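Novice: Not my notes, these are from TrEMBL:
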DOMAIN    10-37  domain 'C2H2-type'
DOMAIN    38-65  domain 'C2H2-type'
DOMAIN    66-93  domain 'C2H2-type'
DOMAIN    94-121  domain 'C2H2-type'
DOMAIN    122-149  domain 'C2H2-type'
DOMAIN    150-177  domain 'C2H2-type'
DOMAIN    178-205  domain 'C2H2-type'
DOMAIN    206-233  domain 'C2H2-type'
DOMAIN    234-261  domain 'C2H2-type'
Amino acid sequence: MLIHTGEKPYVCEVCKKSFGMKYILKTHMLIHTGEKPFECEVCKASFSQKAVLNKHMLIHTEEKPYVCEVCKKAFRLNRSLNHHMLSHTGETCCVCEVCKKAFRLKGRLNKHMLIHTGEKPHVCEVCKKAFRLKHSLNKHMIIHREEKPYVCEVCKKSFKQKCSLNNHMLIHTGETPYVCEVCKKAYRLKVSLNKHMLIHTGEKPCVCELCKKAFRFKCKLNRHMLIHTGEKPYVCEVCKKSFSLKDMLNRHMIIHRGNFRCLKYLKMNIVLKHS
């Protein structure tokens, strides 16, 4: 009857959130205690809820029970299928107020906004490294595990994640399944295609908070930030002069060599002096 009355008599003593059922309160309390009683027998990842473990197990079984009726693409999770269906309708309802990029789902927009705010709410309890997205933290946590249960049958290299093994196998097969629709250039990894697409779209999602200069890639923004911070992490072992960029240190090291490559005129010719 509590469903119909809307009554929620079970209250969390920590955050005061209320629930209609006692078992839901018990499940909720695992958030505060950090307890994760449900463990994956394959990779030893642990979860606070049995339902989440069940979803996780689909990674190992590779089962994809949810199939798109339009293009027959299969998915592990029902919500993934629902998200995919929007690609057929072309629906976009959520627009970023900063860069005007449109998204089909509010959740995707919320994740995207973290790029502009720089917020990294998900912190590794082991090394304190912070991440914008929860799944990025989950992937990172694998670094702290020693076990590598996924082994390549060709070269015997082992991996901590099944997806890493799958990506590695493309090296042996030579397969490049991700093709740019604009220039037809093909890539082994989806992330490589995504980075490449920024060339065609001209999008520069990584913005410096100090001078508002925009970059396509986070690594370029990180390099740029050294200008503002004055940090020079690359130090010459000979004369102790420091540089903000690794390539600047490499150029400097030529000074300490007897013979040197003239970078300005004779790129590949070794000369003793140059006027």
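Just so you know, glycine gets a Cβ as well, placed from its N, Cα and C.
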Novice: How about the domain 'C2H2-type' (38-65) and the domain 'C2H2-type' (206-233): do they have 3 or more C-beta pairs under 8 A, pairs 6 or more apart in sequence?
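Specialist: As far as Cβ distances go (cut-off 8 Å, pairs 6 or more apart), the domain 'C2H2-type' (38-65) and the domain 'C2H2-type' (206-233) do not touch.
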Novice: Where else in the chain does the domain 'C2H2-type' (206-233) make close Cβ contacts, counting only residues six or more beyond its ends and a cut-off under 8 Å?
Specialist: 115-116, 118, 195, 198-199, 242-245
Novice: On the 0 to 100 pLDDT scale, where does the domain 'C2H2-type' (150-177) sit on average?
Specialist: 86
Novice: What same-chain residues lie close to the domain 'C2H2-type' (122-149): Cβ under 8 Å, and 6 or more beyond its ends?
Specialist: 42-44, 111, 114-115, 158-161
Novice: Going by DSSP assignments with H, G and I as helix and E and B as strand, what are the residue counts for the domain 'C2H2-type' (150-177)?
Specialist: 12 helix, 4 strand, 12 coil
